[in-house]
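Asker: Annotations for this protein, taken from Swiss-Prot, read as follows:
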- CYS2-CYS13: disulfide bond (DISULFID)
- 9-30: domain 'C-type lectin' (DOMAIN)
Amino acid sequence: DCPSDWSPYEGHCYRVFTEPQNWADAEKFC
C-alpha cells in the first residue's frame, strides 16, 4: 500500500511534486 498522497504504479509508489525536479534532485530528496 502507498501513502495517501502517493500513487501506486507497477508495484512501486510514486509521488507527484508540485515543483518540477530533475532526477538528481529527486534522488537526493528521497
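Count begins at 1; order follows the chain as displayed.
Just so it is clear, glycine is given a Cβ too, placed from its N, Cα and C backbone atoms.
Looking at the shown structure, can you explain where the listed features end up?
Answerer: In sequence order, PRO8, CYS13 are the residues of the chain that are 6 or more apart from CYS2 (disulfide bond) and have a CB within less than 8 Å of its CB. Under DSSP, CYS2 (disulfide bond) is assigned to coil, being neither helix nor strand in the three-state scheme.
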Asker: To what whole number does the mean pLDDT across the domain 'C-type lectin' (9-30) round?
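Answerer: Summing pLDDT over the domain 'C-type lectin' (9-30) and dividing by its length gives 70.
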